[in-house]
Amino acid sequence: MVYDTENEEAVPKKGRFAAIVVCWFLGNGSLISWNSMLTIVDYYAEVFPRYHPTRILTLVYQPFAFVTIAILTYHEAKLNTRMRNIFGYILFFISSFLLIILDLATSGKGGVGAFVGICLISAAFGVADANVQGGMVGDLALMQPEFIQSFMAGLAASGALTSALRLITKAGFEHSHDGLRKGAMMFFAVSSFLELLCVLLYAYIFPKLPIVKYYRSKAASEGSKTVSADLAAAGVQLQIKQEAEEDPKQYERLTIRQLLMQNLDYEIGLYLIYVLTLSIFPGFLSEDTGNHALGSWYVLVLIAMYNVLDLIGRYTPLIKCLRIESRKGLMIAIISRFLFIPAFYFTAKYGGQGWMIMLTSLLGLTNGHLTVCVLTEAPKGYKGPEANALGNVLVMFLLGGIFSGVSLDWLWLIGKGW
């Protein structure tokens, strides 16, 4: 099959909706396993009461994710994106399944050995996340903005889904013997199934969609080597003009350094979004919000409200009047979110649970909205190879912000005496 990659009118309409749906599932699979681990925090808190599992597991996860994405971003132009993404989803699947095996092997009794094993699996999740999230955002950056929006919505949907399942399992198993453990096993089983589904969707469905073939063919004709394996899997042959092959300038692209400098505001913006969010969620919300009328349901409700509003926020940019396209406007909105810090502090100290739920909802809404605005605006105007590289750079700053936010949360914990 051959595609005309020079005529914009030749962009196939067929497969667009299917691609958006598949992107949503692939985004969901990028975080469903990790969110499942975070959402059953009450189970891990019971099994490992002395280890601060919410904060420890996050602290283990993030360095592996950040270091891996930094290495992959540096070598982005030489990587096989297809193998990178498939490896990431397979690692997610194996790690999720290992959580079930580990829990069954220890009979849910905890102990140092079991906790070390869970920490190793958390590290594996970090490596898988860096492979998948960077690879997918880079891949989708050379296509339509709606694909990135759908992928990012899928990321948030994984949080909303796990929160909904957690509330259901807590209600269903709360008064039964070993109820928390039964709910956790259900989470791990659902995660394993969805990760396996993502492997199949990415390997066999996504590359064969006509619109995906077109954009990957276009990127390859502009000099991208990262899409060649996916094109081969889809049976696509490129028609490249002889003069283009003879002209070395045809394949010139901006370096990582040039892309970084041209998009510094977007990169710093993503970093700041997640520094703030992860300094509050989930550690502060899980352990520092006091006791309220909702009792053991309180933390679950807060996490659920964050996840649901984060999901909604990733769809609000589809409304044109709400989408922020100005680079200056995005930076103002991002910096203004730091008002959440004093707001959360004083609400935890003096406010009621209603105010905390409202603040948590706003935190999630702004997180989702601004993330999608940045990731859909930044790649505009770049050709395929550059958009791919920029997507990886942006995810590196995003994960760097998450790592820094988790570190700040730990400093807060140490500062108040553990």
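Each residue, glycine too, has its Cβ placed from N, Cα and C.
Note that this is a predicted model, so its numbers are computed, not measured.
Sequence annotations record features per position, and here TrEMBL assigns transmembrane segment to 17-36 (among others). Same-chain residues lying 6+ beyond the ends of the transmembrane segment (17-36) with a Cβ under 8 Å from its Cβ atoms: 61, 88-89, 92, 95-96, 122, 125, 128-129, 132-133, 136, 140, 143, 146-148, 150-155, 157-159, 161-162, 187-188, 190-191, 194-195, 197-198, 201-202, 205-206, 209, 211-212, 307.
The annotation transmembrane segment is assigned in TrEMBL to 56-74 (among others).
Positions annotated as transmembrane segment by TrEMBL: 86-105 (among others).
Residues or ranges marked as transmembrane segment in TrEMBL: 111-130 (among others).
If you look up TrEMBL, you'll see 151-173 (among others) marked as transmembrane segment.
Outside the transmembrane segment (185-206), and at least 6 residues removed from its termini, the chain residues within Cβ reach (under 8 Å) are 18-19, 22, 25-26, 28-30, 32-33, 36, 39-40, 82, 85-86, 89-90, 92-93, 96-97, 99-100, 103, 162, 165-166, 169, 212, 233. The transmembrane segment annotation in TrEMBL covers 185-206 (among others).
Summarising the annotation, TrEMBL assigns transmembrane segment to 268-285 (among others).
Positions annotated as transmembrane segment by TrEMBL: 297-317 (among others).
Taken from TrEMBL, the feature transmembrane segment covers 329-348 (among others).
Per TrEMBL, the feature transmembrane segment maps to 354-375 (among others).
Tertiary neighbourhood of the transmembrane segment (387-413): same-chain residues 52, 55, 58-59, 62-63, 65-66, 69-70, 72-73, 76-77, 81, 129-130, 133-135, 137-142, 148, 219, 224, 226-227, 253-254, 256, 259-260, 263, 266-268, 270-280, 283-284, 287-288, 371, 374-375, 378-379, selected by CB-CB distance under 8 Å and a gap of 6+ residues from either end. Residues or ranges marked as transmembrane segment in TrEMBL: 387-413 (among others).
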Check the transmembrane segment (297-317) against the transmembrane segment (329-348) for contact, please; criterion is three or more CB pairs under 8 Å, pairs 6 or more apart in sequence. no
Residues outside the transmembrane segment (329-348) whose C-beta sits under 8 Å from one of its C-beta atoms, at least 6 past its ends, are 265-266, 268-269, 272-273, 276, 279-280, 284, 288-290, 355-356, 359, 362-363, 366, 370, 373-374, 377
Spatial neighbours of the transmembrane segment (86-105) not adjacent in sequence (6+ beyond its ends, CB under 8 Å) are 29-30, 32-33, 36-37, 114, 117-118, 121, 124-125, 127-132, 135, 181, 184-185, 188-189, 191-192, 195-196, 198-199, 202-203
Given the transmembrane segment (111-130), its same-chain partners at Cβ distance under 8 Å and 6+ residues beyond its ends are 30-31, 33-34, 37, 44, 47-48, 51, 53, 56-57, 60-66, 68-69, 72, 88-89, 91-92, 94-95, 98-99, 102-103, 395, 399
In the same chain, residues at least 6 away from the ends of the transmembrane segment (56-74) whose Cβ sits under 8 Å of its Cβ atoms read 34, 37-38, 44, 84, 118-119, 122-127, 129-131, 133-135, 256, 278, 282-283, 389, 392-393, 395-396, 399-400, 402-403, 406-407, 409-410
